[in-house]
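Beneath this line is the structure, given in structure tokens, with notes to follow.
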């Protein structure tokens, strides 16, 4: 794999002027304005017979501005400035690339490199709008330094409001970012930013890869939002979708030049059976140029600090993970069923990002467990910084759904939380947006279900269902945070047990926005128990910020007692003790401490207690108590203490 990567990189260096030039094409492709007011246009349309530019600027004459055919399927056009010196294509004017297909048909297309596309309310398709304001937003704040401990708040701008509407970049900037900061998260991961015609696709059916979604505001609004996040010390990651593309042709990449092979594999190989979308041809030189330039544009123009690469399991294998289970056997990861071209693209992408912007972070969303994805490229690895620990939320769902409390297996929980490849960094999470979507259930909804509608008020009795749900919600998130990886992720609203599911407006729900929102206001009502979960989540993050367990060595697990339902471990100098027993509390319970010194006596105090009153607990522990280590062997360690 490294050999394939090296040969492709060497080819770029020798024949394309280097990776820097090769990946900088976002400045030349599409429609770009020169300083003198001239307009330079460039497209790649290898299947086209002729290419023209039409729009408001020429009265939509489809033939007045023809492109010149160049080598390798590229087309170029230069439009000089007007007699008054102003650009011939004004800011805000609508445009189309007109393609004469091989059968003579004229196709009106949006440039794959378009920076801004909008849809009028009375139209189905998006329009390409030339975005070149007289004064673009100027970033005022530097990007944060690379974080050692990532606490990620997974977010969607459009649903980030209690109101039933599409929320804006401005709303996120001034109402949501302060909330994220207060909760102790230091990183926000933004979904559904790359333009997607179908809102209910959650942003995963991208139509315009270089355009920030206009349904939330303008490109400058997004730039301001990222700049304000940086002023708060918050790192901003983009959920990038390079695993597939929407099948839309009128306002997407599909059949841009009239053929089914432009950007994508032709025939059945170019279509994803389950997603009904198009699959990129990662061996194609111009596809590599397009995708690498796309990443670079988001970093350099918008100042994103890195990416979460979505759906790369589909990229890594010719079978796309469809109907395939992964047991961890190495034969599943090496062989002719692996798409080496796609894997090589991911290696090139990580190499480019690390070479040009070493402060940026990349995350792999891979359900298969491909070995070495997060190892350096020089070792034959994928070059990612982190990978998502996708087995953890599945385990919590399986436990809650299938097992009685007394049947929970402590060893199995610990195994799932610690089962990760050595020196590959994992992002642990109890649940993400996947569990919040309609058809699934969040942890809070699985634990408390219908009683969330009637018994979350402090004025109503604390029922056994609500009591159990609140306590387990906190414990599950803390043990996942502390034991599950080298980073932590939470989807917006889940931190306080957001009720109900997430469902975007569509025909099936009468285009309703009722479930396409986040009711942050629930945490501000002191008569509701949601504030207990919200406060616990904040204090949990603040404690990690203070002690940095995510950046420390893996935990030393000293106990996973199945009868007592107790898990105890030590990490970053802290002792974590979890009692998952449904009805048994313990007095004078002995736990191991890692320190083996026989001379020094260590004193411990409670720092975080899920049973505290401010978290909706029962206040059964005395926080003024002090606990001292003693030379008393326990669980094969020389020292222990009683709690």
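Every residue, even glycine, has its Cβ placed from backbone N, Cα and C.
Residues or ranges marked as active site, nucleophile in TrEMBL: 310. All chains included, 21 other C-beta atoms sit within 10 angstroms of the C-beta of residue 310 (active site, nucleophile).
Cβ-based neighbour count (10 Å, all protein chains) for residue 365 (active site, proton donor) stands at 18. The active site, proton donor feature in TrEMBL is assigned to 365.
Marked as domain 'Glycosyl hydrolase family 13 catalytic' by TrEMBL: 163-537.
Cα spacing between residue 310 (active site, nucleophile) and residue 365 (active site, proton donor): 5 Å, rounded to the nearest whole number.
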